[in-house]
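Asks: Quick one: this structure, given as structure tokens, is what I'll be asking you about.
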Amino acid sequence: MRKLLKRKSKKTTKSRPYFSHPENHEPVSTNMEENKRFVEEQLFHTSDLFHKELTFNGKKILLLYLRTLVDQEKLQNFVIRPINRTKAGELSETINSSEVINTSDLNEAIVGLMKGHCILISENSETIYIVSVIANKYRNIDQPVSEQIIRGSHEGFIESMLVNLYLIRKRVENRNLTIKYFTLGKATQTKVALVYVNNLANPEIIKEVEKRLNAIDTDSIQSPGFIEEYIEDSPYSPFPQLLNTERPDRTGGHLLEGRFAIVMEGSPTVLIAPITLFAFYQSPDDYNSRWYIGSFFRTVRLASFLISMGLPAIYISIVSFHFEVIPIDLIFQIKNSLENVPFPPLFEAIMMVIILELLREASIRLPPSIAQTIGVVGGLVIGTAVVEASLVSNTMIIVIALTAISSFVVPSNEMSTTIRLLSFPLMIGAATLGFFGIIFFLTLILMHLCKLKSFGTPYFAPFAPFNPEGIKDTFIRLPIWKMNKRPLDSRPQHLNRERFSRKWKKNDKETE
Amino acid sequence: MTKKRNKTITKLQAFFLIVQTQIGVGVLSLPFDVHKVAQKDGWISAFIAGIGVQLSIFLIWFLNKRFPSLHIFEINQKVLGKWVGSVTSLFYLVYYFGIFLLINLLATRIIKTWAFPHTPSWVFYLIFTFLITYICIETLRVIARFYVFVSLFIVLLIAISLTAYSLVDFRYIFPIGEAGISNILKGSKQVLLSMLGFEFLLFLYPFIEGDEKSILKTATLANVFVTVLYVFLIFTTLIFFTPTELNIVPEPLLYMLKSFHFRVLERYDLLFLSIWIVSVLTSLITYFYLTVKGMESFRKKRSNIPIYMLSILGYIILTFFPEDPFKLQRFSSFLTNLSYLFFCGFPLLLLIVSLLSKRKEGEGQA
């Protein structure tokens with residue numbers, strides 16, 4: 001065993017990444033043409049590398065840029081026109097841009113080109129000017145489709161990290177809001193930002209996530225899912241350990257509970273951690289409506305957790321083992337519908353669940369007009385025909401339909417998939433050992449939840465470890481003025497968040 | 001010098017660790033066993049047993065107070081020296097493992113008689129072993145969190161039992177004290193066996209947050225809770241069944257629940273059994289965990305491999321255990337008689353030796 005471990009550790013020795021950017025300093029030559037040739041060679045004579053010759057102070061200036069990354073209008077207004085107009089003076093003062101860097105390193109200039117900057121090489125000069133003229137092409141700030149709410153903010157994150165950070169900063173106007181940039185992926189050079197509130201987030205957790213982010217050694221980061229899999233605590237757990245959201249209000253709320261967010265360039269999804277199971281069942285809607293209503297919907301959602309995981313299993317165990325549990329009149333009804341079905345209940349259930357998943361998967365990728373047809377064909381035609389052909393019993397259809405609907409109640413897509421996945425082993429347990437099979441498997445899940453950690457904090461808080469204060473915001477939502485303390489699970493530096501906001505009430509009484 | 005152990009579990013967690021260990025396989029047959037001896041005064045026996053347990057808790061507390069950062073396996077070595085202490089630790093280890101096997105056997109027998117007469121026992125042993133190993137490779141804190149959460153089920157058990165009160169006759173327990181003092185005392189011995197698990201304190205003590213007094217308070221509260229629960233359960237069955245009925249129902253609680261019918265749900269006993277399984281699991285986890293910790297006290301390095309080996313060994317022994325109820329009975333009574341030695345005899349011995357040799361924590365080892 002020990003030998004095996006040793007061998008493993010040997011394997012992980014670093015190999016030289018072939019995508020790394022050359023870090024050596026490539027001095028700018030005084031010969032303009034030579035510089036141009038170097039840049040062209042480094043970029044392998046790519047066709048979108050454009051150049052233009054200008055004259056300034058009577059000297060020739062070569063303007064180089066990547067046509068695909070640069071905003072033509074900006075280039076025209078901020079660089080070319082001022083140079084053509086002034087003709088003489090200091091070059092860096094002539095250019096109308098806030099971001100002008102001068103360098104004597106050609107490699108740095110090439111990195112600038114890749115970022116959407118243009119570079120200016122002057123004749124007989126060892127300084128290169130890098131000017132940001134990047135094209136900002138992104139969609140409008142829309143309501144996120146996967147996380148719609150009825151009342152409250154309809155803003156959603158988009159594919160630009162800068163805009164996303166702007167949305168967060170606007171929500172949390174505080175000097176403690178800290179943003180740290182990371183560049184991940186040797187080939188893609190993906191920009192990633194770690195956002196947290198400095199005087200709230202636990203410094204140990206922040207140190208830990210920085211360590212994990214810095215450890216990422218890969219060619220490409222395509223989506224936040226990559227980062228998630230690199231930094232989560234238990235990669236083999238079925239439960240998501242980072243919360244994915246596209247909502248700035250949700251992100252802001254979590255930041256102020258002492259958590260951190262990871263924003264990635266090119267994705268509207270923001271990762272939030274450390275998180276608990278119950279955070280997946282919270283929706284901004286809960287806080288926008290009255291607290292009775294919020295609590296009611298929370299309870300409904302958590303009931304949906306149990307229904308979507310356990311209902312098919314309970315049904316299977318009742319019809320295959322414990323018919324005596326249900327009242328006698330109901331037994332006749334169910335027996336009646338089972339009469340002509342030749343398959344065991346487990347097979348029925350799995351067949352229906354697979355049909356359901358097929359329909360769901362098919363309708364996701366179809367345009368909405370065709371997806372409706374799928375709904376009609378799948379839901380109505382298959383649903384009734386399958387019963388008439390006595391392949392599946394009536395009650396099983398009800399059970400599976402209920403299960404599907406309740407799994408869609410979860411505000412987080414990952415969690416809803418996790419739960420539907422967990423219902424399979426539960427069904428198998430029910431089909432082999434009845435209620436006991438269900439209990440055994442639920443116990444296993446419970447043990448797993450008690451073990452699970454999200455960045456060192458317990459995942460199943462506030463139930464395990466039990467914390468009565470934290471329950472105020474789990475399956476119920478008490479009035480905001482009752483929640484005086486931040487949740488304990490993220491171990492924030494300051495616990496108090498609300499003091500005596502309704503003190504006017506006391507004053508009112510006194511004046512009456 | 002021993003290094004300072006960090007106190008990892010809260011008092012609430014310690015409370016439920018002890019309570020959940022105590023409530024286990026014995027609950028179902030407890031009223032029957034007590035009724036056999038103490039007749040209608042079984043509930044008094046439960047009170048007396050509670051007092052007995054309290055005395056033992058005092059003893060354990062006095063012992064552990066002298067070694068506030070050591071658990072039983074370390075105290076053994078500290079007080080009795082390296083060799084004798086190791087042998088004593090080994091006894092404890094084997095005893096805990098034996099109890100673990102016994103609970104496995106008893107629980108499986110009850111599941112088989114009540115729900116799955118045709119399923120082979122090894123299926124249940126396998127499931128139990130798997131679940132227990134899965135959590136026992138974790139720290140005490142994780143186990144404590146699990147125990148606190150599943151204690152929700154105790155409330156459910158009490159709620160289900162409360163439904164019996166629509167059909168009771170209080171006259172069944174009168175006249176009080178008819179069985180005679182000696183029978184009541186004998187009955188309390190039966191209850192004591194169902195209360196086993198409080199000796200978990202021997203191991204738990206150094207891990208609990210708080211000073212000595214609050215630990216004693218926690219242990220006492222746990223004992224009071226379990227005693228009151230047992231008195232309640234015995235009392236309920238005594239007034240539900242007629243005395244002659246009670247003589248022929250080995251698991252009175254289940255028979256009682258089986259007789260209820262409601263509009264939405266019938267057969268409460270199945271529901272009760274399914275929940276009861278979790279309580280049994282917690283007792284199993286405790287004893288397996290204690291065995292594991294006992295093993296670890298012999299070796300310096302911590303690794304999961306011995307835990308897996310132990311669970312495989314346990315599984316093999318369980319599958320080869322003869323399915324003869326009388327042999328099981330003999331094994332059971334042998335272990336339960338032996339248990340006095342472990343929750344009372346050895347602690348007393350250790351306390352006396354440590355008092356005589358004036359050995360306390362922090363002093364050099366002999």
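Along the chain as shown, the residues are counted starting at 1.
Glycine residues also receive a Cβ, built from the backbone N, Cα and C atoms like all the rest.
Those TrEMBL annotations? Automatic predictions, nothing curated.
Checked TrEMBL, it gives:
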- B:12-32: transmembrane segment (TRANSMEM)
- B:44-63: transmembrane segment (TRANSMEM)
- B:83-107: transmembrane segment (TRANSMEM)
- B:119-137: transmembrane segment (TRANSMEM)
- B:146-168: transmembrane segment (TRANSMEM)
- B:188-208: transmembrane segment (TRANSMEM)
- B:220-241: transmembrane segment (TRANSMEM)
- B:270-292: transmembrane segment (TRANSMEM)
- B:304-322: transmembrane segment (TRANSMEM)
- B:334-356: transmembrane segment (TRANSMEM)
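What does the local environment look like for each feature on the list?
Replies: Listed as Cβ neighbours of the transmembrane segment (B:12-32) (distance under 8 Å, sequence separation of 6 or more from its ends, same chain) are residues 42, 103, 106-107, 110, 141, 143-145, 147-148, 150-151, 154, 190-191, 193-198, 200-201, 204, 207-208, 215, 218-219, 221-223, 225-226, 229-230, 233-234, 237-238, 246, 249-254, 276, 279-280, 282-284, 286-287.
Here the transmembrane segment (B:44-63) has long-range neighbours at 34, 37-38, 75, 176-177, 184-192, 195, 198-199, 201-202, 205, 212, 215-216, 219-220, 223-224, 226-227, 230-231, 234, 343-344, 347-348, 350-351, 354, meaning same-chain residues at least 6 beyond its ends whose C-beta is under 8 angstroms from one of its own.
Taking Cβ pairs closer than 8 Å, the transmembrane segment (B:83-107) reaches residues 24-25, 72-73, 76-77, 124-125, 128, 196, 277, 280, 283-284, 287-288, 290-291, 294-295, 297-298, 310, 314, 317-318, 321, 328, 331-332, 335, 338-339, 342, 346 in its own chain, all 6 or more past its ends.
The list of residues near the transmembrane segment (B:119-137) in space but at least 6 beyond its ends in sequence, with Cβ under 8 angstroms from a Cβ of it, reads 104, 107-108, 111-112, 143, 146, 281, 284-285, 288-289, 292, 304, 307-308, 311, 314-315, 318-319, 323.
Here the transmembrane segment (B:146-168) has long-range neighbours at 12-13, 16-17, 19-20, 23, 135, 229, 232-233, 236, 239-240, 253, 256-257, 259-260, 268, 271-272, 275-276, 278-279, 282, 285, meaning same-chain residues at least 6 beyond its ends whose C-beta is under 8 angstroms from one of its own.
Sequence-remote contacts of a segment are chain residues at least 6 beyond its ends whose Cβ falls under 8 Å from one of its Cβ atoms, and for the transmembrane segment (B:188-208) they are 5, 7-11, 14, 17-18, 21-24, 26-27, 30, 33-34, 36-38, 42, 45-46, 48-50, 52-53, 56-57, 60-61, 63-64, 67-73, 99, 140, 215, 218-219, 222-223, 226-227, 230, 234, 283, 286, 290, 293, 336, 339, 342-343, 347.
Remote same-chain partners of the transmembrane segment (B:270-292), defined as residues 6 or more beyond its termini with a Cβ less than 8 Å from a stretch Cβ, comprise 17, 20-25, 27-28, 92-93, 96-97, 99-100, 103-104, 107, 110-111, 114-115, 128, 131-133, 135-136, 140, 143, 146-147, 150, 153-154, 156-157, 160, 197, 200, 203, 253-254, 257, 306-307, 310-311, 314.
Long-range neighbours of the transmembrane segment (B:304-322) within the same chain, counting only residues 6 or more positions beyond its ends whose Cβ lies under 8 Å from a Cβ of the stretch, are 97, 100-101, 104-105, 121-122, 125-126, 129, 132-133, 136-137, 288, 291-292, 295-296, 328.
Tertiary proximity for the transmembrane segment (B:334-356) is limited to same-chain residues at least six positions away from its ends with a CB under 8 Å from its CB atoms, namely 56, 59-60, 62-63, 66-67, 75-76, 79-80, 88, 91-92, 95, 98-99, 102, 193, 196, 198-199, 202.
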